[in-house]
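A.B. asks: Under the heading active site, schiff-base intermediate with D-ribose 5-phosphate, Swiss-Prot lists LYS79. Feature annotation from Swiss-Prot assigns D-ribose 5-phosphate binding site to ASP22, GLY151, GLY212, GLY233, SER234. According to Swiss-Prot, the D-glyceraldehyde 3-phosphate binding site annotation covers ARG163.
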Amino acid sequence: MEKKYELNKNLAQMIKNGVIMDVVNPEQAKIAEEAGAIAVMALERVPSDIRKQGGVARTSDPKMIKEIINAVSIPVMAKVRIGHFVEAQILEAIGVDCIDESEVLTPADDLFHINKKDFKVPFVCGARNLGEALRRIGEGASMIRTKGEAGTGNVVEAVRHMRTISSEMRKLQLTPKEELMTVAKEMGAPFNLIEYVAEKGKLPVINFAAGGIATPADAALMMQLGCDGIFVGSGIFKSDSPEKRAKAIVKATTYFKDPDVLAKVSENLGGAMSGLEISKLETEFAERGW
């Protein structure tokens, strides 16, 4: 079990500093691959459409996911509902490279997340704070991402979640060892993971940014805040020029510390996706999960 988990963590490390793009068909997947995406997330509706159309959002049609797998050479991920381990079994059976237990879909279980250690395929999960991140890692997640607020084109929640996780890790490093068990109890997180963060000052897995990233500057901002890579959902294919924006976000993620490059790749991209103000949302996806 431990060897398998270490392998999954190492596989996740291979996509560090890359961009993962949401796609709804093979054509979009090819655009993402040509733009330099390190992986694609296959789903039937991007988060902005899920938010707009409402209803129950479930995992995507396996046939559509397999078509995307066959269309590209890069890894293909797909989403399942929180707690829906049968959807995860189906995705593992059709050969996805990673499963996202995602708050963007309608939760199937309001008590438990999936026990990810039951699967060979690696999982990524969202987190708003250190406690959520460590609980998901304790369940077997090989990768963490900020929850942000998907489908809004508004990066503020992703920034909040990344800053929260970073500040809580710094605080943990300053906590006396005899108090760590109390912290573990308060966070509901495994003690060995609390010890790891207190000693190393970082998560034991990679942490990507997700939720509301719409521009090259957004991607560079999250990288400068300490993220290991970027998920882009609605921000590319809901923009005026998906191909140009996809390439620009990939370049911004690579050269996130170079303002000259960032300025150049931000030119002439056309309109970004229309954004939403968080305070006016009827449903906040980030509140899902625990």
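Every residue gets a Cβ built from N, Cα and C, even glycine.
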A.B. asks: Roughly how many Å separate the Cα of SER234 (D-ribose 5-phosphate binding site) from that of LYS79 (active site, schiff-base intermediate with D-ribose 5-phosphate), to the nearest whole number?
C.D. replies: 15
A.B. asks: Give the residue from the binding-site residues GLY151, GLY212, GLY233 that has the most other Cβ atoms within 10 Å of its Cβ, counting over every protein chain displayed.
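C.D. replies: The most densely surrounded of these binding-site residues is GLY212.
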A.B. asks: So if I measure Cβ to Cβ from ASP22 (D-ribose 5-phosphate binding site) and keep only same-chain residues at least 6 apart in sequence, which ones fall under 8 Å?
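C.D. replies: In sequence order, the residues whose Cβ lies under 8 Å from that of ASP22 (D-ribose 5-phosphate binding site) (at least 6 apart) are VAL40, MET41, LEU43, VAL46, PRO47, PHE231, VAL232, GLY233, SER234, ILE236, PHE237.
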A.B. asks: Given the recorded positions LYS79, GLY151, GLY212, state which is nearest to the residue listed as 'D-glyceraldehyde 3-phosphate binding site' when distance is taken between Cα atoms.
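C.D. replies: Out of the listed candidates, the nearest Cα belongs to GLY212.
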A.B. asks: Let me check the 10 A CB neighbour count of the residue listed as 'D-glyceraldehyde 3-phosphate binding site'. How many other CB atoms are there?
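C.D. replies: Around the Cβ of the residue listed as 'D-glyceraldehyde 3-phosphate binding site', 13 other Cβ atoms lie within 10 Å.
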A.B. asks: Please state whether DSSP places GLY151 (D-ribose 5-phosphate binding site) in a helix, a strand or coil.
C.D. replies: coil
